[in-house]
Amino acid sequence: MALHKPVMTVQQHILLEQKRFPGASGEFSFLLSGITLATKMIQAQVRRAGLTDLLGSYGETNVQGEVQQKLDVYANEALLDNLRVRESVGVLASEENERPLMVHGSSPNAKYAVIFDPLDGSSNIDVNVSVGTTFSILKRAEGSSLDDSSSWLLQPGSQQVAAGYVVYGSSTMMVYTVGNGVHGFTLDPAVGAYVLSHENIRMPAQGPYYSTNEAYRDTFPRADQEYIERLRTGKLGRNYSSRYIGSMIADFHRTLLKGGVFLYPPTSTSPDGKLRLLYEANPVAMIAEEAGGAAWSGSQRILDIVPKTIHQRTALAVGGQVEMDEYKRCLAEFGEA
Ligand code: P6P
């Protein structure tokens, strides 16, 4: 009887996947290894935050006007430091940085832009709630100029070559796609490797949960209010339970695995929606669609939105086919947001 159970690490998986990219000479897997290394460093700090002086606010506000948590700054630096040494990376854009960084824009090998939210939901860290890192990878658009980062970044989400997230929850798990299915890897702390644990994740066509911040419900657009009423009153042929963690990646991860819908519609305080298009909605939308679900703003498919600015916000509804078909019906009946 074999004692050693073969494992598939995320690095092995990425190498196999990148064979699908013509001309990828290991640079793509080297790029993704920068993200996996950075997220291992981040998780090591997240897990010990109460024991170090990394809890609490950093005392500055970021471009979003949000008070930066110390762990936000640490996570951002870990990702920037690990990715800027990958020559295939031309541009780095982060939720924590007002402007993108041109890192190897002048190198002919610089093909990719990496956009990320280093620690989404960080306001929950002090109370030990799951947080996450999101990332989106775009290929430099043909003819884009080497020193104009917007031509690298302001592409619709349908142009992403890869997207994913790490959820720092009861376990640390990386979920990613390169357009060939969605795969989940659980970090094995004993060996420090992300090991394949959820191959080819499929989002259930319908699920048991809806997830939104009901405190704002009265300020949602009419279509979203009607939609939630239909979920609550069994109009989709089943009862729903409400789950809301207040950390997008945790709420989305549950929706991906168990089904249902997560939505953050426009509100009176966030009339364009709160979530950011490039590094929250787009990666989540690519994963959702790859897993058989759908992701919409209040008016269109998320992946069709052509961004105007790198930090622009969007409404987001993401879930299984049944929930999302009903959402689109509500938009059609009650007008788009
Ligand atoms: P609210 C976290 O701050 C975040 O950006 C997302 O992770 C989360 O889904 C949302 O905000 C929660 O916002 O208004 O419900 O507290």
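Cβ coordinates come from backbone N, Cα and C, glycine included.
When E17, E226, E229, E280 are compared with the Mg(2+) 2 site residues D117, D120 in TrEMBL, the one appearing in that site is E280. Y244 is the only one of Y194, Y240, Y244 that TrEMBL places in the substrate site (with D120, G121, S122, S123, N213, K274). Of the residues E95, E96, E98, TrEMBL puts just one in the Mg(2+) 1 site with D117, L119: E95. Of the chain residues outside the Mg(2+) 1 site list E95, D117, L119, D72, A75, N76, S94, E96, F116, P118, D120, S122, T133, T134, Y279 have their Cβ within 8 Å of the site's Cβ mean position. For the domain 'Fructose-1-6-bisphosphatase class 1 C-terminal' (203-331), the model's pLDDT averages out at 97. In terms of Cα spacing, the binding-site residues N213, Y244, K274 all stay beyond 10 Å of D120 (Mg(2+) 2 binding site).
According to DSSP, Y244 (substrate binding site) sits in a coil region rather than a helix or strand.
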